[in-house]
């Protein structure tokens with residue numbers, strides 16, 4: 001596919017209702033500093049385009065976790081696959097839960113009905129349409145999401161009194177605050193939090209996450225894939241900026257009547273839908289546009305995740321065990337898996353009502369805790385020659401345990417509003433709502449809702465770490481332990497690593513078509529399962545250097561492998577993901 005639809009799909013994949021609800025609420029409470037999230041996203045896009053994407057693209061792999069097997073072992077691949085499936089399932093469940101809050105508040109529809117209807121619709125079109133349906137649906141959903149933000153921003157600006165009035169109110173109440181360079185990692189949002197914490201977080205979601213990798217490797221050429229990542233970044237600028245602007249406008253609108261302090265809403269995630277109902281009270285259809293905005297993001301993210309889970313299960317769990325299975329059966333199994341994973345995500349969504357700290361923090365915590373250590377495993381594979389299977393296993397275990405420990409502790413013992421740097425909110429000029437007695441007029445106390453508790457030293461210092469650092473904690477601890485254990489158990493030698501698996505070997509990657517690379521992976525899988533067979537059902541011509549040493553020696557004794565010259569070739573990729581064995585065309589190179 002071309003760069004523009006793929007790029008917009010990349011941006012929509014993690015810009016769900018979680019961001020539609022969560023980002024404006026965070027900007028409302030912490031100011032414009034949240035727009036610095038774009039710093040981490042920009043660094044992520046650059047590293048994804050020039051470090052991770054070329055490796056996956058030139059290897060021609062369908063599942064990112066195939067790389068872990070090529071570099072380490074099949075057991076590491078299986079570990080990465082299971083970790084990805086669990087993390088994606090929990091994240092998608094939170095994403096499905098988020099718009100249920102909106103639908104419940106806007107329409108009064110029962111929250112359980114909303115959960116099941118959202119999950120069912122998304123599961124249906126993902127199961128039936130596959131990747132192409134997901135990408136083109138994402139493109140439409142990005143446009144709907146931006147339309148909803150623009151409608152809210154324009155109407156709210158008019159009601160407040162214009163752009164100058166908005167800037168005056170926001171500036172006088174510390175909401176325009178880009179210059180927070182406090183190095184304290186317990187502060188929820190600072191320049192350093194976004195520079196380091198969000199960079200690792202977004203890199204784990206874009207650089208090595210199957211949901212994103214499967215999109216940009218679907219581009220026709222490597223140049224198109226890089227362009228798609230650039231288009232994605234531009235779209236992210238618009239989405240994040242629009243959400244932050246809506247959050248600041250929301251504060252100016254609720255200046256002296258905070259809905260949370262007044263009791264009109266029960267959680268910060270409900271700020272946006274509550275304001276939309278107020279400002280569009282006499283404009284039928286516009287509240288529905290905001291609802292569509294939130295649902296567009298949700299359907300985009302959920303469909304991406306379900307499709308990715310099905311693809312990874314087929315590539316990493318089913319095909320290695322059943323290498324002779326037909327493509328027709330694989331397609332049927334993939335659609336069935338999409339249905340199963342969709343139902344599982346709905347169940348997780350039902351449990352997401354127990355979340356504390358909001359849907360944005362919950363979703364980023366899940367991705368940081370689980371995807372952070374996986375990012376560390378890929379970095380170990382691509383950039384460290386010495387790392388071995390024992391090292392990467394130990395690193396994954398320690399990284400996951402440490403980040404999970406801190407995340408659970410931070411959930412059970414949340415930091416105080418003062419420690420996080422939450423800005424003051426007021427409710428001095430609004431009536432308090434009481435569900436039993438109607439409206440009671442009187443000021444609410446101008447204070448934040450967090451109540452200080454008796455806190456131990458470990459709770460005060462360790463568990464108060466900003467949730468954006470969870471991914472960095474998991475990644476760095478995985479790398480550190482992985483390198484240490486590898487040296488203690490015997491580091492891997494350079495000659496034992498196949499060409500193209502280390503990042504600086506990209507220019508040495510042998511010529512061969514994208515089909516060459518896929519068939520080489522298939523041959524490696526099949527030979528490892530059937531070394532005792534006297535013959536194989538195909539006779540491919542492939543570059544010998546694409547095969548591992550065991551496969552190469554076996555095939556050469558059987559007179560199957562016929563090396564091709566490693567001629568210079570244009571970086572162009574076949575769009576076919578079929579692993580059916582045909583006679584290879586030397587002229588189709590990557």
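Using N, Cα and C of the backbone, Cβ positions are placed for all residues, glycine too.
Where the annotation comes from TrEMBL, it is an automatic prediction and has not been curated.
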Key: Candidate ranges 339-360, 427-448 [criterion: TrEMBL lists as transmembrane segment]   = 339-360
Ask   = TrEMBL tags one of 392-413, 502-523, 524-545 as transmembrane segment - which one?
value = 392-413
Request  = Identify the transmembrane segment range according to TrEMBL, selecting from 80-103, 560-583.
outcome  = 80-103
Note = Given the transmembrane segment (140-163), its same-chain partners at Cβ distance under 8 Å and 6+ residues beyond its ends are 8, 11-12, 15, 20, 169, 235, 238-239, 242-243, 245-246, 249-250, 252-253, 272, 275-276, 279-280, 283, 286, 289-290, 292-294, 296-297, 299-300
Remark   = Long-range Cβ contacts under 8 Å made by the transmembrane segment (392-413), restricted to residues 6 or more beyond its ends, are 68, 72, 75-76, 79-80, 83, 356-357, 365, 368-370, 372-374, 376-377, 380-381, 453, 455, 458-459, 462-465, 467, 470-471, 473-475, 477-483, 485-486
Message = Any contact between the transmembrane segment (109-128) and the transmembrane segment (289-318)? By contact I mean 3+ C-beta pairs closer than 8 Å, pairs at least 6 apart along the chain.
response = yes
Ask   = the transmembrane segment (189-208) vs the transmembrane segment (467-488): three or more C-beta pairs under 8 Å (separation of 6 or more)?
value = yes
Ask   = For the transmembrane segment (80-103), what are the same-chain contacts with Cβ under 8 Å, counting residues 6+ beyond its ends?
value = 16-18, 20-22, 63-65, 68, 109, 111, 114-115, 118-119, 122, 209-211, 267, 269-270, 272-273, 290-291, 294-295, 298, 301-302, 305-306, 308-309, 312-313, 316-317, 341, 344-353, 355, 359, 362-363, 366-367, 369-371, 373-374, 377, 396, 400
Message = Out of 46-68, 229-255, 366-385, 467-488, what stretch is closest in contact terms to the transmembrane segment (289-318), meaning most Cβ pairs under 8 angstroms?
response = 46-68
